[in-house]
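These notes are about the structure you will find just below.
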Ligand code: PNS
């Protein structure tokens with residue numbers, strides 16, 4: 001018998017963008033449970049603008065209208081975290097062909113490490129194909145309010161607060 005599929009959408013989400021939200025909300029119609037799994041990685045920590053606690057709070061606020069979404073932090077290998085949670089689908093978004101090569105390699109590596117895991121890709125809507133967390137941070141760092149068109153309100157508020165603190 002096919003069990004209800006638990007999907008995990010892993011990422012840095014530093015911050016979550018409208019592209020992520022588009023992929024997530026569409027995945028919520030396909031899977032009964034989708035976990036946003038935020039990478040808590042000491043080595044990458046210095047590259048992140050937001051702390052893990054700030055990202056968890058931002059993601060919880062941004063997804064409170066989506067009843068089948070859970071938000072969690074994870075560390076270590078994604079496939080190990082999925083094994084512990086009984087999840088079998090890794091969800092990733094593709095914006096453009098340039099994302100594909102990296103994503104293909106990771107998908108193969110993850111399946112090599114855990115053959116029970118399948119990676120499912122959702123193509124982000126073309127209107128978000130140019131939006132990335134790093135570009136959003138760059139624009140917000142100059143104090144521009146334009147980012148509010150590219151990220152959910154929870155991310156926009158967190159960006160304004162973060163860059164005000166850094167003044
Ligand atoms: O949002 P990102 O930074 O593109 O997400 C990358 C992420 C978190 C999916 C990837 O780095 C990851 O799964 N890291 C956990 C460590 C791991 O399992 N590595 C093996 C695959 S490279």
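The backbone N, Cα and C atoms fix where each Cβ goes, glycine too.
It should be emphasised that the depicted structure is a prediction, and the values quoted were computed from it without experimental measurement.
What TrEMBL lists as domain 'Cytidyltransferase-like' is 8-138.
According to DSSP, residue 78 (substrate binding site) is assigned to a helical segment. As annotated by TrEMBL, substrate binding site applies to 12, 44, 78, 92.
Residues or ranges marked as ATP binding site by TrEMBL: 12, 13, 20, 93, 94, 95, 103, 128, 129, 130, 131, 132, 133, 134. A helical conformation is recorded for residue 103 (ATP binding site) in the three-state DSSP classification.
What TrEMBL records for 20 is site 'Transition state stabilizer'. In sequence order, 9, 11, 13, 93 are the residues of the chain that are 6 or more apart from residue 20 (ATP binding site) and have a CB within less than 8 Å of its CB. Classification of residue 20 (ATP binding site) by DSSP places it within a helix.
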Fewest Cβ neighbours within 10 Å, where candidates are the binding-site residues 12, 129, 133: 129
C-beta crowding around residue 92 (substrate binding site), within 10 angstroms: 18
Top Cα neighbour of residue 129 (ATP binding site) in the set of binding-site residues 12, 78, 92: 92
Binding-site residues near ligand 1 among 78, 92, 94, 103 (Cβ under 6 Å): 78
Spatial separation of residue 103 (ATP binding site) from residue 92 (substrate binding site) - C-alpha basis, Å: 8
